[in-house]
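**Q** Provided herewith is a single structure, encoded as structure tokens, for subsequent inquiry.
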Amino acid sequence: MYPAHLLVLLAVCVSLLGAASIPARPLNLYQFGNMIQCANHGRRPTRHYMDYGCYCGKGGSGTPVDELDRCCQTHDDCYGEAEKLPACNYMMSGPYYNTYSYECNDGELTCKDNNDECKAFICNCDRTAAICFARTPYNDANWNINTKTSC
């Protein structure tokens, strides 16, 4: 092998090792993030909603700290209802992995008619939450709070 080939091979291996350390993000959450950006016209990055209050982000418990946190609690509850649907009750079909069809036109979100029952339900959960986020004030003091003492 030529030295140039070895360098290319080494670069590919290093790239693959780096990519392997990136945690997988469920596709539906990627779509949800895009819906949030559509509804708020890109005014606030999606990551600001990932660790907000008691319910925005992974899990949730206690009393929501404000109206925005209530949007997240409602979204969590909606996903819980989706998981009970027979149509959403097979492998990789639940709310975190099932992708759906929707449109974003100038901040208006529409879940498309070609979604099956499960996809339509999940799309509506995400659409409702994204609209709620867009119309609700964001309080910087409620980002990255200590959920053990505040929730």
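Including glycine, each Cβ sits where the backbone N, Cα and C put it.
Remember, predicted model here, so these are calculated numbers, not experimental data.
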**Q** Which candidate, Cys88, Cys104, Cys132, Cys151, does Swiss-Prot give as the disulfide partner of Cys118?
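**A** Answer per Swiss-Prot: Cys88.
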**Q** Taking Asp76, Asp77 as the options, which does Swiss-Prot list with Tyr55, Gly57, Gly59 at the Ca(2+) site?
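**A** Record source Swiss-Prot; matching candidate: Asp76.
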**Q** Can you look up which of Cys13, Cys38, Cys54 is joined to Cys151 by a disulfide in Swiss-Prot?
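**A** According to Swiss-Prot, the disulfide partner of Cys151 among Cys13, Cys38, Cys54 is Cys54.
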**Q** Compute the centroid of the Cβ atoms of Tyr55, Gly57, Gly59, Asp76, then list the same-chain residues not in that set whose Cβ lies within 8 Å of it, in sequence order, for the Ca(2+) site.
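**A** Neighbours found: Cys54, Cys56, Lys58, Gly60, Ser61, Cys72, Gln73.
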**Q** Can you tell me how far the Cα of Asp126 (active site) sits from the Cα of Cys78 (disulfide bond), in Å?
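**A** Between the alpha carbons of Asp126 (active site) and Cys78 (disulfide bond) there are 9 Å.
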**Q** If you measure from the Cα of Cys123 (disulfide bond), which of the recorded positions Tyr55, Gly57, Gly59, His75, Asp76 is the nearest?
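**A** When the Cα distances are compared, His75 comes out closest.
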**Q** At a 10 Å cut-off from the C-beta of Asp126 (active site), count the other C-beta atoms across all protein chains.
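**A** Taking every protein chain into account, the count is 26.
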